[in-house]
Structure formats: structure tokens, C-alpha cells
């Protein structure tokens, strides 16, 4: 492949052949990123195609061209790297999601989000694993053990939060965006933690002791990752508040915020925790405390810098997935058994549909029982959209599949190649088909007047970054249209309005202890020239 690329560009100077290929590859990706941005802008009003699908199509077309140029002999440029995905591409996407999230909507629906993201993922994993065990045996697939089946369940239980976030918009459907977005992040974290837990345990001889150890390890990773992210965010807020870099250089403020955010992810990977969950909660804490401790110019810079890095990473990700889908190495191994690969893909796709329906509708019913206000309940149409939007699979599933069934992105076993090609097929089919139909489905189930009615539940949409972690007193009691609730005399009353009670207690604790120490809105550094806090 390198020689082919070098022959196409013979005038690159005196660089070596490998350097030629590297330069051409970089130029190719930069040009494709520019093309995706331009085409995505031209198709912005299109009701069928979004930016992720545009990038995926361009990646597929580019992959076809590269295969034709190389004569189908090499696909070095198309090899998917899970290290590149997890270490470089995913962190800015997840961090920006936490940094830009409408925290009031997220935490008001926190219990529902955790039910969907954690419990729902476990239910989906169980259904996919059990279904695969029963159906794969009929296809004479005997190379998988119980650990492999559980890993398959974790792989395909991971929804594609990146694609879903481009389909829904906070301003148009704040409630749906909050639920799907929150579930997507928690789902990805749960899937990765679950996958790693499965990999670390010998599940061939299951007994109660191993099961309890497995569950304990799972919840430890979940809690430790969250605390690490929050702790790193608080540390950055405390350092910037005490030292106040802005009095000398705003560049240092911006640099420190970016490095501390990335450090949280690397620390999680260093200690074998969930980097996704860690960097997400680091973003939430940073937007609540650290962001208010920097100068006004640093606030504008960080907001747009994080958003731009996330946008480029998302576009690059779908280009990468599209090009890797045509990795000729894997497809050659299944060339003599195409029917088996199609059967496996079809079965897994059906199990994904079933597994998602098995928890979205029952858990939505339970969530509605805990809410008194009809405006806060999830309607059946909204449940259908939540079910549909979470059917897409993406790079997380591919990265986990490559981790399980390849070594360094390569495989010489036909059985493993079948699982990789089936994963690629599901990612392409779900993204293209479900992604293309999501916008029309939302327009059909939620007409414009219905969408406008839901905006009232997230009224401060343009100022999400200037709102505190759970909203200010005015936001929480006026925007939510919830009267001052009496202290619940029973557990039943507490469960009917848990978010508002937790919200009130947290706000008092935050105002009395957290913000005086770590800064935040209303607690700007007192040094001369420090940023002045503007009212809400």
C-alpha cells in the first residue's frame, strides 16, 4: 500500500517510502475532514442525512477508491486501531458532552438515565448473550465459550452515543436529548466496564462466589471512575481559584483546563477504571466550578475549543469507521462462508432490537410511576423514539470486538473474522438505516408544536454552561414549574419526587461548602482583575 501511495505522489521530495505514505495519509484525512464539513453544511437542512452519515458515506467511498488503487492487495490504511479510538478520539467527545450538557435536565432525569444506562445495558447484554447461545448452536458455531457469548452481549449492548447526539438536538427536544444522551454515556461506560470485567474473570466455572466477585468489581469500577472524574475536576477548580493564572496569562488557564481534562481520562486508564465515565463527570464538574473561575476570554475560548475538538473527533471517527469497514483482510476469510456471516449479523441485529425493547418500555413505565407531573412523564411516542435512537451501533462496539477477536487489529482465524465482519455489517446497517430514518421518525411522532411544548422543560437552553450543577434557585423552582414540596413523611413520597428533594439539599450544601472552596458562579477569585460574575 505504501508503494502504491508513493507512486501516486512521486514528487514529495527525498522522503522515504514509509514517510511518503504517512504524508499522503495525513493529507487524505485532512482533505476528507474538510469535505465532510463542507458537505455537512450544505446538507444541514436535509431531513434524512446528518453529518455522521455523511462522514460514513465519504469514508466508504474513499475506502473503495483506495482498494481499487491498491488492486485489493493491501488494506494497511484501513486497519482499525482501538488504541487510537480509546486514547485519542473518544476523550474529547465524551468530555465535551459532559462540559456542554444541560445539567439541570440531566440531573432532574438522573434516576431514569441511570435506569436506562446501567440496568438497561445489563438487561440488553443478558438477552443478546442468551439469544446468541441458543441460536448460534443451530448454525454449528462451536468455537465460542460462555465468556465469548457474554462478551458478545457487552459488545452489542453498547449504543452509539456519538451518532445519536447528532440526530437529536437539545433545543428542539430537551427531554429526549437529556434521556438519550445521558443513557448513551452511561451505556458506553457500563458496556466497557462490563466487557473488561468479563475479560478479567474465568466464567467457564460459574459459582456464587465468582458471581458476587464479578458484581462487586463491576460496581467498584463504576463508583471509582465517577469519583476520580469529580475529584480531578475539583482539583482543577481549586488550583485555578487559588493561583488565578488569568491575572498573568489566560493561555495558562486554557492549557491547564485541557490538560487536567485529559489527565482524568489517562488516570482512569492507568488504574484500569472507566475512562468514559471519568472524563464525563470531570467535564460536568469543570463546567460547574472551574469554568467560572477563569477570565471571560478563557471561558469563550474553552467553550469553543472543546466543542471544535469534539466535532473534529466525531467527523474523523465516522470517516475512520467507514474506511475500516472495507478491510479486505477480514472479508477474505469469510469469502467461502458468506451465508454464515449474514446469518450471524441478522440474528444479532434481531437480538439488539429485542434487547432494547425489553428494557426501554418497562423502565419507562417504572419511571412514570415515580413522577406526579404529566409533563415530566415519558409518553409512548417518546419511548418509541428512545428505543429507535438507541438501536445504532458504532465505534465502541467495533473497538470492543477488535479487542476480543483480533490481535493488533489483525486476525488469521476464520471464526474470529466472522465476528469482526458481522460487527462491521451491524454498525454500517444500523447507522445508515436507523440513522437515516431517525429524523423523519421524530418529525412524524413529535410534530413541531409538540416539540415546542417540550422546550419549556429546559428553558435555559442557550445558557447551559452558565447554570450551576443542578440549576440555580430560580431555574430549579421556576423553570421546572414545581411548587415548594413539603418534606416527605414516607419513603413513598420521597420516591415520587426524589430529584427535587436531592436538588434542594445539594444546592444548600453546594452554596455553604463547595463553592466557597472550589469557586463557581458567585464565587469568583477576589484578586484584582478577576472575572466578574454576571447574573443569571
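Note: Cβ is positioned from N, Cα and C throughout, glycine not excepted.
Features of the protein shown, as given by TrEMBL:
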type: DOMAIN; residues: 31-442; note: domain 'Cation/H+ exchanger transmembrane'
type: TRANSMEM; residues: 20-40; note: transmembrane segment
type: TRANSMEM; residues: 52-71; note: transmembrane segment
type: TRANSMEM; residues: 77-99; note: transmembrane segment
type: TRANSMEM; residues: 106-129; note: transmembrane segment
type: TRANSMEM; residues: 149-168; note: transmembrane segment
type: TRANSMEM; residues: 218-240; note: transmembrane segment
type: TRANSMEM; residues: 261-286; note: transmembrane segment
type: TRANSMEM; residues: 306-326; note: transmembrane segment
type: TRANSMEM; residues: 347-365; note: transmembrane segment
type: TRANSMEM; residues: 385-405; note: transmembrane segment
type: TRANSMEM; residues: 417-437; note: transmembrane segment
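When the stretches 77-99, 218-240, 306-326, 347-365 are ranked by Cβ pairs under 8 Å to the transmembrane segment (106-129), first place goes to 347-365. When Cβ-Cβ distances below 8 Å are used as the criterion, the transmembrane segment (417-437) is approached by residues 48-50, 52-53, 56, 60, 152, 155-156, 160, 163, 167, 321, 324-325, 327, 329-331, 333-334, 337, 340-342, 344-345, 348-349, 352, 388-389, 391-395, 397-398, 401-402, 404-406, 411 of the same chain, each at least six residues removed from its ends. Among the listed stretches 52-71, 77-99, 261-286, the one sharing the most Cβ pairs under 8 Å with the transmembrane segment (306-326) is 52-71. Counting residues 6+ beyond its ends, the transmembrane segment (261-286) has Cβ neighbours under 8 Å at 86-87, 90-91, 94-101, 103, 106, 185-186, 188-189, 192-193, 196, 221-222, 224-226, 228-230, 232-234, 236-237, 306, 469 in the same chain. Beyond the transmembrane segment (77-99), the same-chain residues lying 6 or more positions past its ends with a Cβ under 8 Å from any Cβ of the stretch are 1, 5, 21, 25, 63, 66, 161-162, 165, 181, 185, 188, 261-262, 265, 269, 275-276, 279-284, 286-287, 291, 303, 306-307, 309-310, 313-314, 316-317, 320-321, 323-324, 326-328, 395-396, 398-400, 402-403, 409-410, 465.
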